[in-house]
């Protein structure tokens with residue numbers, strides 16, 4: 001038998017035991033620690049993951065990582081919760097808005113994430129996740145700045161010099177009262193990017209030539225030297241998508257319109273640019289119309305309808321999207337000069353959108369990270385009698401699937417059509433974005449989860465019979481205890497003329513029912 005000597009603690013001698021820590025050390029050790037994951041995809045690559053919001057779970061969840069794909073190589077793991085996208089806090093942002101932000105950010109992304117266990121611990125302890133994310137940047141951090149310099153003299157009013165002993169790094173100083181200073185360039189700023197090129201890949205001579213050859217303007221990404229150290233410590237690139245862009249020109253505007261008795265009061269026309277690209281132009285804004293009050297401007301191009309890009313849509317499809325939106329619609333417009341400007345910079349103009357909150361141009365503000373409130377799904381909106389638009393849609397599977405996405409609202413039963421692919425089988429069958437799904441091939445699915453509805457869809461082969469009703473009509477039928485039946489419908493044409501379908505429901509979970517990966 002082995003005997004162990006009894007230990008007696010001597011306070012004069014003390015003890016060196018790594019298992020013994022102070023209360024402060026324990027608290028620090030247990031504090032959730034977010035991780036930075038940098039994703040960069042090459043042409044033809046995808047990021048290789050899916051972002052989900054799942055019933056009964058909190059946060060935006062990373063799922064289905066491609067083996068050895070961009071996301072997995074960055075350090076992302078299945079179940080991670082997304083806190084920030086390019087330093088924009090997104091934990092409390094609508095799911096579709098987060099996905100939109102990722103899509104317009106280009107080929108380079110910086111994510112701040114917590115693993116499942118750390119996220120759930122932080123939430124259970126009431127931790128302020130925004131402050132947790134902010135703390136990871138350190139004291140004194142300030143975001144980079146995009147400075148658009150307009151030449152008003154023979155020179156731009158700036159001086160660029162290499163940093164001694166640091167290859168690929170440059171400082172920039174502005175001449176007092178010059179164009180660069182007015183654009184926001186400050187003495188001692190570090191130059192990161194110039195007219196679409198990262199300066200770390202350029203020589204001082206090449207940068208000088210770019211400045212001399214610039215015509216009337218130049219755009220620079222700069223940051224103060226202290227903040228640059230924060231990015232170096234976190235091993236993060238400094239990207240234009242992270243920048244304060246207050247003085248960028250041609251910024252798109254997100255406009256919220258409410259239909260009047262005679263419509264919105266503007267016309268659209270599809271035109272081709274000099275490069276052969278089709279764009280949708282706003283024309284003939286009626287005086288005193290909802291469009292004029294909502295700050296719609298003649299001659300601007302339409303980029304989005306309710307957050308959906310119009311780039312690949314025909315004129316008829318864009319008009320249909322606006323009409324399907326019902327009594328209110330959100331349009332994103334931009335001066336046509338902005339297209340060439342942002343294309344040359346290699347940036348999406350939607351990164352720099354401003355949200356117009358009133359008819360007063362002085363009251364414009366930077367776009368909020370959450371979209372405008374949508375009418376709640378499956379709740380009655382008003383007491384007036386309406387003609388519900390109930391339809392049985394027969395959908396034949398195409399080469400890219402059924403051509404629609406399903407969505408749900410967390411903690412609520414029911415499934416709705418969250419997106420319909422333009423020109424796809426879903427649109428051809430009559431499905432509309434926002435429709436509530438009542439039956440799949442004759443089986444009622446109103447009380448089933450979206451996961452169960454997906455299983456019904458996948459079991460049914462290449463043909464689907466889907467009974468749907470517009471959201472407003474569904475709410476009215478449920479409130480008044482009416483049965484949902486196609487037999488009691490008014491003709492669809494009559495319904496479309498007299499009933500607006502209400503605002504788009506909040507797509508808190510999107511499920512892809514096409515064969516395209518996202």
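The backbone N, Cα and C atoms fix where each Cβ goes, and this holds for glycine too.
Predicted automatically and left uncurated, TrEMBL annotations should be read as such.
Quick look at what TrEMBL annotates:
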{"type": "DOMAIN", "residues": "35-117", "note": "domain 'PDZ'"}
{"type": "DOMAIN", "residues": "129-226", "note": "domain 'PDZ'"}
{"type": "DOMAIN", "residues": "254-337", "note": "domain 'PDZ'"}
{"type": "DOMAIN", "residues": "392-472", "note": "domain 'PDZ'"}
Using DSSP, break the domain 'PDZ' (129-226) down into helix, strand and coil residues and give each count.
26 helix, 31 strand, 41 coil
Ranking 35-117, 129-226, 392-472 by the number of C-beta pairs under 8 Å to the domain 'PDZ' (254-337), which range is first?
392-472
Summarise the domain 'PDZ' (254-337) by DSSP state, stating how many residues are helix, strand and coil.
15 helix, 33 strand, 36 coil
If you average the pLDDT over the domain 'PDZ' (392-472), what number do you get?
83
